[in-house]
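Features of the protein shown, as given by TrEMBL:
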TRANSMEM  23-44  transmembrane segment
TRANSMEM  65-84  transmembrane segment
TRANSMEM  90-106  transmembrane segment
TRANSMEM  111-132  transmembrane segment
TRANSMEM  152-171  transmembrane segment
TRANSMEM  178-198  transmembrane segment
TRANSMEM  223-243  transmembrane segment
């Protein structure tokens, strides 16, 4: 940070175009995240497949399978949780493909991220190969009694589970979105449990391609670890598109309620582009994980509010006008103030105040009082808390 004689702050980053910075950050974050994910996952796989201290090779048994699955599932969950606010935490070229197809990631950003993920897979495998004693034993191969066709479809269905968990838990916004990294990690854990005994459990072209490059060893059926995951990604994407087109939210309403009725409870999550406005009181201002994935960086600073198409908030809508020198005090009584609220519009648990003390403020930021220029929040459904 450098200051000039007028006290103004100048940084090199501020002079760069924001779109270019976003692409660089997304590519760098996906490279680092994919590297960390595969470094620990492939490292654990090599450890369990390598001869132990006494020179005995670990037998292929359920404990060995479980060890590898835990390495992959936990490694993905941790790295996604760390990076989802930065780049979305994709770490898989076929996941990137799916998000481009549903419009959550732009084509240019998708290409940048795709390349970064493949390079990260190669680097992770190369570093492990140089770091660990003995050869890198983390390549994906078919079992002797597993045909290429069987391996292809196993990879397809295993990948579809992973991609579908991302679409329904991360791209879609709801009260359980904050648990998306855990769900994604568990989805990979389950997919690996089924696929590892037969195909080696790729579910990710970067995971299979990296060790092949590092060891300079390619099987003649390497292509199934590309085609299978791509088909699985397309399968999950088509299913997601169909249920979105059919407005699946109306099939099981009230899932984001408080439990005693179908009214929304607390801060609601909305897609950054407002594409899920049919959900109850979905707010574009809460980008959450989807905002990071979509690259719109919407965040809490946004002043846009979108209400659901069913207009459920109309039931408890309060249009009023408070003027003069009165407002609510901390004890619920009135007291004098210079603040005016010419148009209070309360929808559900969120209050949108047009002008407070001459300052344009959209309230879902908490305030301890309603002095001039302060923001207002809503406690429950109809009580103004100050």
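Any Cβ shown, glycine's included, is placed from N, Cα and C.
Heads up, TrEMBL stuff is auto-annotated, nobody curated it.
Note: the stretches the transmembrane segment (23-44) and the transmembrane segment (152-171) are not in contact (fewer than 3 CB pairs below 8 A, sequence gap of 6 or more). Remark: the transmembrane segment (178-198) makes no contact with the transmembrane segment (90-106), by the rule of 3 or more CB pairs under 8 A.
Taking Cβ pairs closer than 8 Å, the transmembrane segment (152-171) reaches residues 84, 88, 92, 94-95, 98-99, 102, 104, 146, 177, 179-180, 183-184, 186-188, 190-192, 194-195, 198-199, 201-204, 224-225, 227-229, 231-233, 235-237, 239-240, 271, 289-290, 293 in its own chain, all 6 or more past its ends. Same-chain neighbours of the transmembrane segment (65-84): 29-30, 32-33, 36-38, 40-41, 43-45, 48, 91, 170, 180-182, 184-186, 188-189, 192-193, 196-197, 201, 289, 292-293, counting only residues six or more beyond its ends whose CB sits under 8 Å from a CB of the stretch.
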